[in-house]
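**Student:** Structure incoming, see below.
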Amino acid sequence: MNINEVINYAKGXNLDTIEALLILELILKTKKELIIANIKKSLTKKEKKLFFDQIDKIEKGIPIHYILQKKEFMGIEFSLNKHVLIPRFDTECLAEEALIQIQQNGFKKILDLCCGSGCIGLSIAYYIRKKVILSDISTKALQIVEKNTKKLKLEKFVEIIHSNLLKCIKGKLDIIITNPPYLNKEELEIKNKIKKEPTKALLGFGKDGLNISRKILNQAKEKLSPNGLIIIESAPWQIKSLKDFAIKKGFSHLKTIYDLEKRARALILGQRDDTSIRNCTFNQDK
């Protein structure tokens, strides 16, 4: 079989051409542009076996990005493995909003909480060259953060802390950006049949999946500076409940962030109702 034929085979297994080329890049250790240029080239027996083995894994529900061990986020390639969630395009809206708030407000103490692969915090450090703290309860996740930090040459801008939420974070914070686990058990059962991603990074506990998010907000009230912000992601259907809880705890709801499909994806919450203290304009979203 030649390259074109195995790509067509992959399409029959519900992969698109780009995904098939990414697998071929991994196997042939050749850039996809060169692979395309040699589309009629025959594969060796070993290469074909490796390719079909990867297709078999994907058909069994293993995400392609765990096979590739990489995923692009905010225009940056991040290494990953089965111990961290695969960065989502939807989450880029958090990182983009965080960049705006950090620059407009001159925030210096920045935390990416429940950081996973580090894609949010490292993207911030990469683009604005400010120090960012990245924290997670999973030591295996933090090993990936360390790998990505070195890969991006961001060592002098990054502090990595092993912590159960905010327990081991010292001092006041200007901004917390967090994409915590927020699935409930029912959602997790459905998702795990498809995605095979780490339960610890997905399960938010509680009937509504928001127990961890509520713990974060409870702890953040004491850890944020007087003018501090928290940007917290959730599922679209959870946003109202999370906002109501935050307001009861004394946060001001400054903005709801929407993804490109116009779904409510995250909240920006502040310590004070007086938004004029910040050097930016928020669109109030009641």
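Please read every residue number as a count from 1 along the shown chain.
Even glycines carry a Cβ here, placed using N, Cα and C.
Pulled these features from Swiss-Prot for this protein:
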type	residues	note
BINDING	ASP136, ASN179	S-adenosyl-L-methionine binding site
BINDING	ASN179, PRO180, PRO181, TYR182	substrate binding site
**Student:** What's the CA-CA gap between PRO181 (substrate binding site) and ASP136 (S-adenosyl-L-methionine binding site) in angstrom, rounded?
**Tutor:** 11
**Student:** Tell me which residues of the chain lie with their Cβ under 8 angstroms from that of ASN179 (S-adenosyl-L-methionine binding site), as long as they are six or more apart in sequence?
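**Tutor:** In sequence order, THR91, LEU94, CYS114, GLY116, ILE120, ILE232, GLU233 meet the Cβ cut-off.
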**Student:** How many other Cβ atoms are found within 10 Å of the Cβ atom of PRO180 (substrate binding site), counting all protein chains shown?
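**Tutor:** A 10 Å sphere around the Cβ of PRO180 (substrate binding site) contains 21 other Cβ atoms.
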**Student:** Excluding near sequence neighbours, so keeping only residues 6 or more apart in the same chain, what lies with its CB under 8 A of ASP136 (S-adenosyl-L-methionine binding site)?
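**Tutor:** Counting only residues 6 or more apart in sequence, the Cβ neighbours of ASP136 (S-adenosyl-L-methionine binding site) under 8 Å are CYS114, CYS115, GLY116, LEU142, VAL145, HIS162, SER163.
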**Student:** Neighbour count, 10 Å Cβ-Cβ cut-off, for PRO181 (substrate binding site): what number do you get?
**Tutor:** 22
**Student:** Provide the three-state secondary structure of PRO181 (substrate binding site) computed with DSSP.
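**Tutor:** In the DSSP reduction, PRO181 (substrate binding site) maps to coil.
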